[in-house]
């Protein structure tokens, strides 16, 4: 991970263009009124250590959220950044890249690195995603282990917690997510259970969906960062390029409503983006890759209906991002067993 401080494989193609579519250290943070939504407009928690002269020490650094798949890491990243920089889905292992979102505060800057969920890999892609997580964790200043409030701590959570010992340089903060989905009693029990896992620098319960305790979390994260100059411009929200963000929005739309193994078999690439000068229109030509012919039929749907719906949903997300009308052309292609093929993985950006 870069720190500001320091041969084509043939695929079988079938066009399905569709018509134009367009806390506190060592113990849980107290369950304050804000934790239950009573005071959601409180000022952000500030770092308490100040240099001589009384001005807060400016802090900046890298924070990585880790946890099992589907524990709310990407939703939390988006909520803290204040803009959608990582796609979300109920499907496990939606995140496939280390996506940076940048949070700005008067006394500091958080660079959030949203990583794929740690899991037992069954494919070469899975192995590479786990390797990506390990590389990322070796570079960050703070690791936030996300554990949902509405599920008991299981073997997967304990396994990931044990893996954190391999990164002694990073401060460790426990984040109990999805508090809006659990009763007050259940949240309290989960906080006590999380406290038993290790000696945390802080434990913070949050709800990204309801924006509960987000400022408290930012405050704890900032306190754990080193004193540093600002690392990114004040208007930056992510390192992801426009093409990468668009391809992810298309994949998110394609994940909607699919079942079984198909979510893991979907990949998206952008062939071309053309800004029409004669009209306010951005033309985007994209490919959706699947691994088998049967999956292609699911993505396309009867008479192209599902593919058209994917385009409509994606376009509704892309147009606000690019600030203009969009023509989106989608084609479905087969890249047989691409998750296990090193050449195809490289071609698809993995």
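Glycine is no exception: its Cβ is also placed from the backbone N, Cα and C atoms.
A TrEMBL annotation is a machine prediction, not a hand-curated record.
As given in TrEMBL:
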{"type": "REGION", "residues": "1-54", "note": "region 'Disordered'"}
{"type": "COMPBIAS", "residues": "37-46", "note": "compositional bias 'Basic and acidic residues'"}
{"type": "DOMAIN", "residues": "59-227", "note": "domain 'Era-type G'"}
{"type": "REGION", "residues": "67-74", "note": "region 'G1'"}
{"type": "BINDING", "residues": "67-74, 114-118, 177-180", "note": "GTP binding site"}
{"type": "REGION", "residues": "93-97", "note": "region 'G2'"}
{"type": "REGION", "residues": "114-117", "note": "region 'G3'"}
{"type": "REGION", "residues": "177-180", "note": "region 'G4'"}
{"type": "DOMAIN", "residues": "258-336", "note": "domain 'KH type-2'"}
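The DSSP breakdown of the region 'G1' (67-74), given as helix, strand and coil counts, is 2 helix, 0 strand, 6 coil. Averaged across the region 'G1' (67-74), the predicted model reaches a pLDDT of 86. Taking the binding-site residues 70, 115, 179 in turn, the residue surrounded by the fewest other Cβ atoms inside 10 Å of its Cβ turns out to be 70.
Least packed by the Cβ count within 10 Å, out of the binding-site residues 67, 73, is 67. Secondary structure counts, DSSP: the region 'G4' (177-180) has 2 helix, 1 strand, 1 coil.
For the domain 'KH type-2' (258-336), the DSSP-based tally of helix, strand and coil residues reads 33 helix, 30 strand, 16 coil.
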